[in-house]
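Visitor: According to TrEMBL, the protein has these features:
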- Asn113, Lys114, Val115, Asp116, Gly166, Pro167, Ser168, Gly169, Val170, Gly171, Lys172, Ser173, Ser174: GTP binding site (BINDING)
- Cys248, Cys253, His255, Cys261: Zn(2+) binding site (BINDING)
- 7-54: domain 'Ribosome biogenesis GTPase RsgA N-terminal' (DOMAIN)
- 60-226: domain 'EngC GTPase' (DOMAIN)
Amino acid sequence: MGEKLVEGRIVKGIAGFYYVQDESGILECKARGKFKKMGLVPMVGDRVLFSKQHAAIEDILPRTSELVRPTVSNVDQAVIVFAVRFPDPNMVLLDKMTVLAVKEGLDVVLVFNKVDLDDAESQLTQKLESIYGPTGFKVLTTCSVTGFQIEELKAMLKGKVSVFAGPSGVGKSSLLNAIEPGLALKTGAVSEKIQRGKHTTRHSELLELASGGFVVDTPGFTSLELKDLEADLLSSCFPDFEYYPGNCRFDDCLHMEEPDCRIREAVQAGKLSDSRYNSYVLILNEIRQYRRY
Ligand SMILES: Nc1nc2c(ncn2[C@@H]2O[C@H](COP(=O)(O)OP(=O)(O)O)[C@@H](O)[C@H]2O)c(=O)[nH]1
Ligand SMILES: [Mg+2]
Ligand SMILES: [Zn+2]
């Protein structure tokens, strides 16, 4: 007689053990040997069928997405966090992260944190909003210190699996703590350095929010590889470029030197952001660099 299998989700994996969560709690499980034979390695984020009696994962349900860094499956959205300043946003890095997220089929939420450090004179928040408004990405400006827009962020996470990404020091852990103080994530540059020193490999972990949804707090990453992205697909990962589809003289226009390019015209006319176009060119050149080898 087959025993009853229960559906759950892998929230953590350490040294061959998988922590599978369902409504009744978290159970430490082993994966059946058949997965190894199939060349299938269970991932954090996987929805699985497991046996409580044997503490064993019996089946892995089809994945909707698979991220490599951090290693998580079934992610719905990327919450890309940058500070309006301290540290100043690196726009190329930001745009690269959105490209990777779009390429993976994730929804993008852009969070500009530390709005308390902006001032009336520089209006950094407003500038960022004007650059990213036309992308159609969801944009939130937040402050984890005052709690500004924290409820809105919380609402966006509800019922979804979200990966928090962004450079170190922008306030990812602080935002998550503001959403749910019980998480008690370590914050501040110093504590992160200590954390890195202690654990040579950091495992990704899904954290469940009481308000609903799971989040992954990634350690900050600063360089991203775009090796497997084709040059001619890059502009489709810039949703603000898509307002001018198929209108360039050449169907395969890369929006660089080609004559009658609608994208470059839009940039020259001030309709498309210089900053976004600049990132596009730099990322395209990076992709071409890879292709040469
Ligand atoms: N002024 C200000 N500081 C913040 C804000 N959010 C986080 N911080 C500070 O920024 C530093 C880095 O925060 P942390 O959450 O560790 O950033 P992470 O590396 O992205 O996880 C800490 O010293 C926080 O106290 C904010 O909204 N405003
Ligand atoms: Mg952190
Ligand atoms: Zn073009």
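Going from the start of the chain as shown, residues are counted 1 onward.
Backbone N, Cα and C define each Cβ position, glycine as well.
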Visitor: Do you know which of the binding-site residues Asn113, Val115, Cys248, Cys253, His255, Cys261 end up with C-beta under 6 Å from ligand 1?
Guide: Asn113
Visitor: Do any of the binding-site residues Lys172, Cys248, His255 touch ligand 3, in the sense that the CB is under 6 Å from one of its atoms?
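Guide: From Lys172, Cys248, His255, counting a Cβ under 6 Å from ligand 3 as near, the near ones are Cys248, His255.
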Visitor: In the structure shown, with every protein chain counted, which of the binding-site residues Asn113, Ser168, Ser174 has the densest set of Cβ atoms within 10 angstroms of its Cβ?
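Guide: When each Cβ's neighbours within 10 Å are tallied, Asn113 leads.
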Visitor: Name the one residue among Cys248, His255, Cys261 whose Cα is closest in three-dimensional space to that of Asn113 (GTP binding site); these are the binding-site residues.
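Guide: Checked the binding-site residues Cys248, His255, Cys261; minimum Cα distance to Asn113 (GTP binding site) goes to His255.
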Visitor: Please report the distance from the Cα of His255 (Zn(2+) binding site) to the Cα of Gly166 (GTP binding site), rounded to the nearest angstrom.
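Guide: With distance taken Cα to Cα, Gly166 (GTP binding site) is 28 Å from His255 (Zn(2+) binding site).
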Visitor: Can you go through the binding-site residues Ser168, Lys172, Cys248, Cys253, Cys261 and pick out those with a C-beta less than 6 angstroms from ligand 2?
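Guide: Near ligand 2, sequence order: Lys172.
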Visitor: From the Cα of Gly166 (GTP binding site) across to the Cα of Cys261 (Zn(2+) binding site), what is the distance in angstrom?
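Guide: The Cα atom of Cys261 (Zn(2+) binding site) is 32 Å away from the Cα atom of Gly166 (GTP binding site).
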